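K.L.:
Here's a structure for you.
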Amino acid sequence: MEKKNCLILALDVTDRENALRIANEVSEYVDSIKVGYPLVLGEGLGIVKELAELAPVIADFKVADIPNTDRLICEHVFNAGADAIITHGFTGRDSLDSCVKVAEEYDRDVYVVTEMSHPGGVEFFRPVAETIAQMAADAGATGVVAPATRPERVRDIRKIIGDDLHIISPGVGAQGGSAADVINAGADWVIVGRSIYNSDSPADAAMRICNEMKC
Ligand code: XMP
């Protein structure tokens, strides 16, 4: 993904019409559009191809299965036109290796969840976040997902992965995180959903976040 605005739109609306309207309105401000279960379960995987005409698509399926099933999921997602996939790391190195291998075959990206952004994200992830981050680096993942709600954790994770891996960071706005703070802490991109797609003017909301980051 090319870094222009440091902003990724989390497009968690559930219908095609709204998704395409919002994506069109904000496309000049975002470097990528993240889609997940809400939109894909609502409209089917075909929505990925339509959105990919506007910006590279990250498929946030938080893949967490045995290596063979992970492989099948990644193949489907990349064949559908996604540029990247988000996978969990707690399933172990062999599962992650499977995703990375498919991504290499397709020349696509893999981002690994470290510690999640919501309050419960510390309950089980906190003790293993650094280990997962190190595994992501060792496995050759493109980057990791780390919480904008806890910039200090982004700083910790950046120390572990070094400068080669990217950090994409959800939790800005609706979850209380600050875009500027998490970019200063070492994130490459912020991921923003509700603060943009629930706004009366998604384009203005996206522009404001870009201005705040001055990335
Ligand atoms: P909001 O509306 O809170 O949307 O701006 C955030 C988006 O990011 C997803 N999300 C996460 N994804 N690790 C992830 O891989 C996380 O820690 C995490 N926290 C939030 C969320 O599903 C939504 O699409």
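Glycine is no exception: its Cβ is also placed from the backbone N, Cα and C atoms.
Annotations per TrEMBL:
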ACT_SITE  Lys62  active site, proton donor
BINDING   Asp12, Lys34, 60-69, Ser117, 170-180, 193-194  substrate binding site
DOMAIN    6-209  domain 'Orotidine 5'-phosphate decarboxylase'
K.L.:
Sort out the sequence-distant neighbours of the residue listed as 'active site, proton donor' for me: same chain, 6+ apart, CB within less than 8 Å of its CB, listed by position.
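P.N.:
In sequence order, the residues whose Cβ lies under 8 Å from that of the residue listed as 'active site, proton donor' (at least 6 apart) are Gly36, Ile86, Thr87, His88, Val113.
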K.L.:
Near Gly173 (substrate binding site), how many other Cβ atoms are within 10 Å of its Cβ?
P.N.:
20
K.L.:
Quick one: of the binding-site residues Asp12, Ile66, Gly193, flag those whose CB is under 6 Å from ligand 1, and say none if nothing qualifies.
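P.N.:
Among Asp12, Ile66, Gly193, near ligand 1: Asp12, Gly193.
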K.L.:
Give the mean pLDDT for the domain 'Orotidine 5'-phosphate decarboxylase' (6-209) on the 0 to 100 scale.
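P.N.:
Across the domain 'Orotidine 5'-phosphate decarboxylase' (6-209), the average pLDDT comes out at 98.
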K.L.:
Can you name the residues of this chain that are 6 or more positions from Gly193 (substrate binding site) yet have a C-beta less than 8 Å from its C-beta?
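P.N.:
Counting only residues 6 or more apart in sequence, the Cβ neighbours of Gly193 (substrate binding site) under 8 Å are Leu9, Ala10, Leu11, Asp12, Lys34, Pro170, Gly173, Ala174.
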K.L.:
Using Cβ-Cβ distances, find the residues under 8 Å from Ser117 (substrate binding site) that belong to the same chain and are at least 6 apart in sequence, listing them in sequence order.
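P.N.:
In sequence order, the residues whose Cβ lies under 8 Å from that of Ser117 (substrate binding site) (at least 6 apart) are Pro147, Ala148, Thr149, Arg150, Ser169, Pro170, Gly171, Gln175, Gly177.
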